[in-house]
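Below is one structure, written out as structure tokens, with a few remarks after it.
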Amino acid sequence: MGVTSDRVEYVCRYGGNGTTTSGVNVSIAAEVTMEIHSVCLPPKESTFQKLKHRLSEIFFPDDPLYRFKDQTWCKKLVLGLQFLFPILQWGSHYDLNLFKSDVVSGLTIASLAIPQGISYAQLANLPPIIGLYSSFVPPLMYSLLGSSRHLAVGPVSIASLVMGTMLSEKVSPVQHPTLYLKLAFTATFFAGLFQASLGFLRLGLVIDFLSKATLVGFMAGAAIIVSLQQLKGLLGIVHFTTKMQLIPVLTSVFHHTKEWSWETIVMGFSFLLLLLTTRHISMKKPKLFWISAAAPLTSVILSTLLVFLIKSKVHGISIIGHLQKGLNPTSTNMLYFNGQYLALAIKTGIVTGILSLTEGIAVGRTFASLKNYQVDGNKEMMAIGLMNMASSCTSCYVTTGSFSRSAVNYNAGAQTAVSNIVLAGTVLVTLLFLMPLFYYTPNVILAAIIITAVIGLIDYKAAYKLWKVDKLDFLACICSFFGVLFISVPLGLGIAVGVSVVKILLHVTRPNTLVLGNIPATQIYQSLNRYKEASRVPSFLILAIESPIYFANSTYLQERLLRWVQEEEERIKANHESTLKCIIIDMTSVTAIDTSGIDMVCELKKMLEKRSLVLVLVNPVGSVMEKMHRSNFLGTNSLFLTVGEAVADISASWKPQP
């Protein structure tokens, strides 16, 4: 059958043995008229039209300009401003009831964000005040630019850990505090620039290489390392390793037993137990979320009062000390754009930018799905990126949407991004008036807060699910986990991404092929291995390819298909069945083909013809069909719309004509 619009009809008559020519049992003397459909070429398009369509599918699957169609210029301007600043879209409908909910949720997350901000800044080896600065400007920026109603913005543990690890490997925050601070702000600027660029160029596919399996292992390994690092604060150790591997950290803990402070240990583990207990209660009873949300700030207040009351009797507990009052000072003069450490700042910025972007978008989409609204991934990249670029100029470091704070925000009843404005307002009051109150806050309580926060990143249930569902995903998870524990945080992440890329290459270069059989009394053809009731069709070998055909897998596919033919011929010979005459390849799942793939199919056809075998293709998609047509591969009776039609038509052509 050629590639035409003509339709060919024929009558398939059944013999007295009750089977069709395709081997399907039916009633004797039944007569069925089957219409053979042609396989059509896609509509003709110019090269420019094809390129435009392809680029549109790659970069604009969500069609962001649809809202501007058939609108006046004035309306387009308003819609454009609303697109850039979502607050203009929902702000006109804002009312007092929404404000009440947002105030409650904003104050609630502020009680969590203030102690976490101080703690995470120390995790990044930055002054505690930087953590508070980073909980003021970024939430304000996001409330103007972000599209999520529930994302609570601020410092997060993973980005803080990675930044602290990568920068401290080259520059000591103790010996060169000013240089370290400059590199932190510069890394934040490049993180924002990278994030905004991904959003502007609509290259969100870059962060897709961080698979769920990779992140599960990475976060679990990072959580363990972070927790062990906090033993410095929990035990009161003064001299502690700056390395972030398991063995050096444990070695440092037990090599400095003489520095352990029993006062610090008692206070630290007491508050750690309190924080873990409140976390457990909130997990068991979600309605009591406020208990774990209020626990960090409550712990800070209680521990600060305790240290203040017993300061004359206990000298072994280290405290935060003086924190500068006032708003964020400008840091534009501290951005480091030349010098020997510029490459370090750029690399740190890109890595922390990818991690924070992945977390922020994932968290935003999670809570958006719970409330049935949509979060634009590319727009979120631009919002988070611009937020971090502005933050780098106002003494802040990398921030994004935090899962723990966003969960509290959601459960507290947040309705819009105004909750972030309330959070920023609360931090503003703290910066202006309440900083002296943190003077006696013990460092041990910050360590306990960090451990409580990161322990939730160890998702053993997800790892077990990976093992049950996909062993290669589990391998990526394990490589990420042990890479972080024993090598380093960035290299562990790199190894995991490498394993994920290898997995993709395996799927591309070694695609799945299978043999199909007919399900009795139907025109359905499915895998013989999967459907036990499916049966082979005499004289036919029906194969399916479940992958695009590219240069990377064309040679493998040719060898694998020829092996199927050889195995089928050996099976037929062993069972004394009908001679193999036709090979049918179902191309329904072949979504694309290149010139190497077409050459492979042509070569395969020639090799089969030398063995007196006919090659037939079934249901190629439009782009594949067009390329094969242009290559002059297509010929009479080479293409069919379904496997059933191919089997019936070819079988009929083998019957002697009356």
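Glycine too: its Cβ is placed from the backbone N, Cα and C atoms.
These numbers come from a predicted model, not from an experiment.
Within its own chain, the transmembrane segment (179-201) is flanked in space by residues 59, 124-127, 130, 163, 167-168, 171-173, 207, 331, 334-337, 341-342, 344-346, 348-350, 352-354, 356-357, 378-393, 395-398, which lie at least six positions past its ends and keep a Cβ under 8 Å from the stretch. The transmembrane segment annotation in TrEMBL covers 179-201 (among others).
Positions annotated as transmembrane segment by TrEMBL: 213-240 (among others).
According to TrEMBL, the transmembrane segment annotation covers 260-276 (among others).
Annotation source TrEMBL lists transmembrane segment at 288-310 (among others).
The annotation transmembrane segment is assigned in TrEMBL to 341-363 (among others).
Residues or ranges marked as transmembrane segment by TrEMBL: 417-438 (among others).
Residues or ranges marked as transmembrane segment in TrEMBL: 444-462 (among others). Only residues 6 or more beyond the boundaries of the transmembrane segment (444-462), in the same chain, are considered here, and those with a CB under 8 A from a CB of the stretch are 115-116, 118-120, 122-123, 128, 157-158, 212, 216, 219-220, 222-224, 226-227, 230-234, 236, 264, 267-268, 271-272, 275-276, 279, 295-296, 299-300, 303-304, 317-318, 320, 404.
Summarising the annotation, TrEMBL assigns transmembrane segment to 474-502 (among others).
Across the domain 'STAS' (530-650), the prediction's mean pLDDT works out to 90. According to TrEMBL, the feature domain 'STAS' maps to 530-650.
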In the same chain, residues at least 6 away from the ends of the transmembrane segment (260-276) whose Cβ sits under 8 Å of its Cβ atoms read 233-237, 292, 295-296, 299, 302-303, 306, 314, 316-318, 442, 444-445, 447-449, 451-452, 455
DSSP tally for the domain 'STAS' (530-650), helix/strand/coil in that order, comes to 55 helix, 21 strand, 45 coil
Would you say the transmembrane segment (213-240) and the transmembrane segment (474-502) are touching, if the rule is that at least three C-beta pairs must lie under 8 angstroms and be 6 or more residues apart?
yes
Sequence-distant contacts of the transmembrane segment (288-310), meaning Cβ under 8 Å and at least 6 residues beyond its ends, amount to 108-109, 111-112, 114-116, 267, 271, 274-275, 278-279, 281-282, 317, 319, 407-408, 411-412, 437-438, 440-442, 444-445, 448-449, 452
